[in-house]
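Let me begin by presenting the structure, written as structure tokens, before commenting on it.
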Amino acid sequence: MTQQITLIKDKILSDNYFTLHNITYDLTRKDGEVIRHKREVYDRGNGATILLYNTKKKTVVLIRQFRVATWVNGNESGQLIESCAGLLDNDEPEVCIRKEAIEETGYEVGEVRKLFELYMSPGGVTELIHFFIAEYSDNQRANAGGGVEDEDIEVLELPFSQALEMIKTGEIRDGKTVLLLNYLQTSHLMD
């Protein structure tokens, strides 16, 4: 028997920037027993991320920016090194990531390769992230990057080996970035 889910109630607790739901549902277990659950679910929309890499220079482009959630959770500076990313905002994932790449890193990417889609925190967050990689070259630099309006983003071009080491030292602690760097390493694209 497959599990059956019945929505009992969906109460919106907050919808200031993203939406926080309080969901009550019945879950029929495989053994037939019905269990009532009540959970908070944070709907922040879906997103996309991209890792830019250069096989000739053996470099990657990452960004550093303030992330309030990490600061609240003990990251003293709140600064996080991560891959370029953004919310889809009704765009297709590839359209979104091309816009984000030029806004955040300053690079106008050519061919992009979609790797996979992953839920990053499925216990309470709805977000599905689309993961991409793209090779970049210096002549694709259209502007300085740094984000738009209220963003304060530092663009980092790092040796690939240094970025991998930064995972070990804890300087890179962002899940999507670790996944993309590890993908690049295991795919041997930088060998």
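Backbone N, Cα and C define each Cβ position, glycine as well.
Features of the protein shown, as given by Swiss-Prot:
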- Tyr17, Lys38, Arg39, Glu40, Arg67, Ala85, Gly86, Leu87, Glu104, Glu127, Asp150, Glu151, Lys176: GDP-alpha-D-mannose binding site (BINDING)
- Ala85, Glu104: Mg(2+) 1 binding site (BINDING)
- Glu100, Glu104, Glu151: Mg(2+) 2 binding site (BINDING)
- 43-180: domain 'Nudix hydrolase' (DOMAIN)
- 79-106: motif 'Nudix box' (MOTIF)
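Fewest Cβ neighbours within 10 Å among the binding-site residues Arg39, Arg67, Lys176: this applies to Arg39.
Using a 10 Å Cα-Cα cut-off from Lys176 (GDP-alpha-D-mannose binding site), the binding-site residues that qualify among Ala85, Glu100, Glu151 are Ala85. Checking the binding-site residues (Tyr17, Arg39, Arg67, Ala85, Asp150) against Glu100 (Mg(2+) 2 binding site) with a 10 Å Cα-Cα cut-off leaves Ala85.
Binding-site extent for GDP-alpha-D-mannose: residues Tyr17, Lys38, Arg39, Glu40, Arg67, Ala85, Gly86, Leu87, Glu104, Glu127, Asp150, Glu151, Lys176, maximum pairwise Cα distance 38 Å (rounded to the nearest whole number). Cα-Cα distances to Ala85 (Mg(2+) 1 binding site) place none of the binding-site residues Tyr17, Arg39, Arg67, Asp150, Glu151 within 10 Å. Cα to Cα, Gly86 (GDP-alpha-D-mannose binding site) and Glu151 (Mg(2+) 2 binding site) are separated by 12 Å. Taking the mean position of the Cβ atoms of Glu100, Glu104, Glu151 as the Mg(2+) 2 site, the remaining residues of that chain whose Cβ falls within 8 Å of it are Ile63, Cys84, Ala85, Gly86, Glu103, Thr105, Gly145, Gly146, Gly147, Val148, Ile153.
In the structure shown, the C-beta of Glu104 has more C-beta neighbours within 10 angstroms than that of any other entry among the binding-site residues Tyr17, Glu104, Asp150, Glu151. The residues of the domain 'Nudix hydrolase' (43-180), classed with DSSP into helix (H, G, I), strand (E, B) and coil, number 37 helix, 49 strand, 52 coil. Listed in sequence order, the binding-site residues from Tyr17, Arg39, Glu104 having a Cα within 10 Å of the Cα of Glu151 (Mg(2+) 2 binding site) are Glu104.
Using a 10 Å Cβ-Cβ cutoff, Gly86 (GDP-alpha-D-mannose binding site) registers 18 neighbours.
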